[in-house]
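Asks: Please see the structure below; I have some questions.
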């Protein structure tokens with residue numbers, strides 16, 4: 001008694017999705033390689049920027065020192081020139097007044113000019129003080145300029161670092177989204193497998209229903225058997241049943257309680273006993289026939305006795321023949337019932353084993369799919385939490401970047 005679709009083997013869903021999984025793994029490997037190359041390029045660019053910043057700082061310090069030395073040299077030259085002019089100008093004017101006679105007004109003006117340039121030490125000290133003040137201001141300006149330049153370079157470096165961090169966060173976000181899509185696809189595949197298994201289970205249930213209908217239609221009786229082959233197991237066998245006719249069920253009930261194999265062995269023993277009795281009766285019949293053939297040659301005076309013994313023998317022979325015919329009928333009926341029972345047992349055992357194996361496989365696959373579904377749901381929740389955390393980190397970094405840009409613009413405005 002077969003059921004629809006009981007002997008077919010379906011192609012596993014895993015083999016159908018192997019090409020897609022391989023393509024996804026290749027894409028993931030290529031993305032990881034590109035990510036590693038980008039990271040290496042960013043590290044190299046960061047090193048180059050650091051070296052460039054160090055070079056610019058060194059050049060700025062050297063330019064500051066050169067400008068400072070140049071300014072001090074120019075100020076020294078200017079002070080020396082003024083000092084020389086202060087000492088050469090009065091002597092020339094005195095010689096001119098001695099050689100050429102001038103009026104009193106010119107002599108008074110010349111005396112006033114010389115009196116204004118008489119103190120060269122005072123003017124030189126004032127120039128040196130002003131020079132020192134200018135140098136101090138210049139030094140302070142250069143130091144503040146260098147500090148601002150360093151702060152500017154540091155801010156630029158921090159901005160570049162934050163840009164790299166944001167790029168990495170975006171790449172991680174993209175990777176998380178890709179993993180989420182892969183997990184979603186895997187979840188869809190698992191759902192498809194669940195639907196396929198549910199369809200198989202429905203088919204098995206339909207087959208069981210048809211089996212029950214056929215059993216009821218043909219008037220069969222289901223006999224449970226928990227210990228097949230007379231073996232004693234620690235764990236009971238689930239679903240071991242046998243469908244037989246009502247006559248066979250009555251015969252099995254007459255055999256007593258116990259497993260089906262034990263009752264069949266009892267019936268086989270009774271059959272052997274009946275066969276042995278039939279053989280004994282046949283031997284007795286042959287002996288009686290031989291006795292009859294020997295008694296046929298006896299004298300006529302014993303005819304009355306022989307007739308009486310013949311009547312008794314005929315009655316015995318009739319009884320024996322009747323018993324033999326009854327035993328033969330019972331034997332043939334028992335043989336037919338046993339053959340029918342054996343065929344039903346073998347057929348139903350095969351069906352039960354198939355149904356049991358299919359049900360166990362379906363239960364195992366269902367449990368595995370449920371566990372995989374729970375695992376995927378946990379991973380999905382973890383990925384969503386990570387995505388939310390990365391979004392919060394990204395927004396925080398964006399706020400910090402805006403704040404640093406505002407500080408930078410404020411510093412540039414102050415300069």
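Placed from the backbone N, Cα and C atoms, the Cβ positions cover glycine too.
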Asks: May I ask you to name which of 91, 116, 125, 293 Swiss-Prot has annotated as phosphoserine?
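Replies: Out of 91, 116, 125, 293, Swiss-Prot attaches the phosphoserine annotation to 116.
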Asks: To which of the residue ranges 22-49, 218-245 does Swiss-Prot assign the term coiled coil?
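Replies: From Swiss-Prot, the annotated coiled coil range turns out to be 22-49.
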Asks: According to Swiss-Prot, which residue out of 6, 106, 115 bears the annotation phosphoserine?
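Replies: When Swiss-Prot is consulted, phosphoserine appears for 115.
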Asks: Under Swiss-Prot, which of the candidate ranges 1-20, 141-160 is annotated region 'Disordered'?
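Replies: The range carrying the region 'Disordered' annotation in Swiss-Prot is 1-20.
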Asks: For the compositional bias 'Basic and acidic residues' (52-61), what are the same-chain contacts with Cβ under 8 Å, counting residues 6+ beyond its ends?
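Replies: For the compositional bias 'Basic and acidic residues' (52-61), the sequence-distant neighbours (Cβ-Cβ under 8 Å, at least 6 residues beyond its ends) are 146, 149-150, 153, 156-157.
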